[in-house]
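The structure appears below as structure tokens.
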Amino acid sequence: MAAELVEAKNMVMSFRVSDLQMLLGFVGRSKSGLKHELVTRALQLVQFDCSPELFKKIKELYETRYAKKNSEPAPQPHRPLDPLTMHSTYDRAGAVPRTPLAGPNIDYPVLYGKYLNGLGRLPAKTLKPEVRLVKLPFFNMLDELLKPTELVPQNNEKLQESPCIFALTPRQVELIRNSRELQPGVKAVQVVLRICYSDTSCPQEDQYPPNIAVKVNHSYCSVPGYYPSNKPGVEPKRPCRPINLTHLMYLSSATNRITVTWGNYGKSYSVALYLVRQLTSSELLQRLKTIGVKHPELCKALVKEKLRLDPDSEIATTGVRVSLICPLVKMRLSVPCRAETCAHLQCFDAVFYLQMNEKKPTWMCPVCDKPAPYDQLIIDGLLSKILSECEDADEIEYLVDGSWCPIRAEKERSCSPQGAILVLGPSDANGLLPAPSVNGSGALGSTGGGGPVGSMENGKPGADVVDLTLDSSSSSEDEEEEEEEEEDEDEEGPRPKRRCPFQKGLVPAC
């Protein structure tokens, strides 16, 4: 039954407009519309209501058409069609054929054997160049199931639907089943849907149309949501990535039906289907280490080129500093890399760069904020060698001759004079410091007494002690009191010691 179904669909795809109208009229369906609408209607009829009478009618129309073709004289030259591109062979008036579908000697099932891996309702323009999508480093393409095909609105409604019926080959099914799981329920080999603008000027990045919804067979597929935005008035952004359809598909020879719902707001979009193998950041890092290491001598020549004297410049550069700290994570570099298109010598860590782009792909250099795609990344062999040789520095300087020297942080030097160290003891009850005395080793010890006292040791003047806790007024008053006391002692003799008043409410500090 499956073989007959595939054969019937191949026959339907070879029909002219008149054949399609006869087939649809045979089952009582509408015969109006463009050719791609009639083809879609007939394919849906074959897919969901293929009775023996309908199959007999399809075969009769097919044999009638090719019997007439074979009886004709030599055909006009024609251009063969790409089996993966769905082109409308008639203009919008439905009268003038643009390109003949096939010649009489072409086996039509062979020509259209791959058409089931395409969108029956999504015609592409033959005269326009093909839409190209950018390569995704984390997705290694195995097969192209459907080339980028434009989403064509069928009416004036804002919400459009475009169905697709396709089947996987046994080899493709085997690849998916035998692939490892990246995480529970997610295979490494996947069937992904990619959507982009229909712009042929340059490779296009993935871009979703408004109100997008993807239905695979009888279940809706999850589409990445919007990033939360805290800024008022700023439209939230959406990560546009390939949509994995594998978990909702029939992994057998049965046909799969995909329906893309999208908002028609003036912009043109194209869709494509690919069989891919998803890679991890560690696999990309290993590949980069294998094919992306730049020889140290080439890196050294680049340093010389950067520091070469420019005769037109009035400023001569004698060296350039390069940090060994990754600007992404502020940690020491382990795998220094940069893009070949970058003008700077500063590197970032390839490990963290790949991990960050695996979560949120931007592929922007963290040093110069310019594009740094994966296929332009290189590992700096010279800086890798420096990292292994210089483990105690966080920065180096490249010199004019290509050599380098580490830049280490200078130790703080003491600005105190090279003299005797003054030992300041605790103050007595009157707030006076004991006078220091110089011992034999040059250190000063504390002795009883108050006030600044100078000492002589081996004919050299001693150091003065200044109490920094007292202000200038209090120190001058203390000096006057001491002078008065000394005069009184000289005249009247020694006076009794004063007793320091002690308040009961005070608590000692120790």
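Heads up, the Cβ atoms here are built off N, Cα and C, so glycines get one too.
Keep in mind it's a predicted model, so treat the numbers as computed, not measured.
As given in Swiss-Prot:
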type	residues	note
BINDING	Cys342, His344, Cys365, Cys368	Zn(2+) binding site
CROSSLNK	Lys9	SUMO2 cross-link
CROSSLNK	Lys35	SUMO cross-link
CROSSLNK	Lys35	SUMO2 cross-link
CROSSLNK	Lys56	SUMO2 cross-link
CROSSLNK	Lys59	SUMO2 cross-link
CROSSLNK	Lys68	SUMO2 cross-link
CROSSLNK	Lys69	SUMO2 cross-link
CROSSLNK	Lys125	SUMO2 cross-link
CROSSLNK	Lys128	SUMO cross-link
DOMAIN	12-46	domain 'SAP'
REGION	443-510	region 'Disordered'
ZN_FING	311-392	zinc finger
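The CA atom of Cys365 (Zn(2+) binding site) is located 63 Å away from the CA atom of Lys56 (SUMO2 cross-link). Burial estimate for the recorded sites (Lys9, Lys35, Lys56): highest at Lys9, by number of other CB atoms within 10 Å. Distances between the Cα of Cys342 (Zn(2+) binding site) and those of the recorded sites Lys35, Lys56, Lys59 are shortest for Lys35. Ranking the binding-site residues Cys342, Cys365, Cys368 by other CB atoms within 10 A of the CB puts Cys368 at the bottom.
The separation of Lys59 (SUMO2 cross-link) from Lys35 (SUMO cross-link), Cα to Cα, is 19 Å. Taking all protein chains in view, 14 other C-beta atoms sit within 10 angstroms of the C-beta of His344 (Zn(2+) binding site). Sequence-distant neighbours of Lys59 (SUMO2 cross-link) (same chain, six or more apart, CB under 8 Å from its CB) are Ala8, Met11, listed in sequence order. In this structure, the CA atom of Cys368 (Zn(2+) binding site) is 67 Å away from the CA atom of Lys56 (SUMO2 cross-link). Lys56 (SUMO2 cross-link) is 13 Å away from Lys9 (SUMO2 cross-link) when you measure Cα to Cα.
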